[in-house]
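Below is one structure; the comments refer to it alone.
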Amino acid sequence: MEFSSASGNCRRVIRCAPGNILSQCPNELKVPGGCNGACPQLKREEFCCNNSGANCKPTPLSRFFKDRCPDAYSYPKDDPTSTFTCPSGTNYKVIFCP
């Protein structure tokens, strides 16, 4: 999977390892047609970090995504290199099978 700017005004590209994330998705994150993140799925502080501040740490569930998409933001307080913005008006291209 690859996410990039279709309009060329944002140079950051996020690539994920080849493989079927849906077939590997942890049972507790499975939703119809997809694999949800731990915070929206389980709604627990350890995954959402609403009140944890700097004490927020990755969990095995966030590592599931980070291992497959190392450049993507996978949990609150993730590595700052995984956070970026593109200018307003950016169009995006998503390739599911590169």
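Residue positions begin at 1 at the first shown residue.
Heads up, the Cβ atoms here are built off N, Cα and C, so glycines get one too.
Small disclaimer: the values here were computed from a predicted structure and weren't measured.
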Which candidate, CYS10, CYS16, does TrEMBL give as the disulfide partner of CYS69? CYS16
I want to verify the bond table. Which candidate from CYS48, CYS49 sits on the other end of the disulfide that TrEMBL records for CYS56? CYS49
Among all the protein chains here, how many other CB atoms are within 10 A of the CB of CYS48 (disulfide bond)? 17
Determine, using Cα-Cα distances only, which of these disulfide-bonded residues is closest to CYS48 (disulfide bond): CYS16, CYS35, CYS86. CYS35
By Cα-Cα distance, the member of disulfide-bonded residues CYS10, CYS16, CYS69, CYS86 nearest CYS39 (disulfide bond): CYS69
Reduced DSSP assignment, CYS35 (disulfide bond): strand
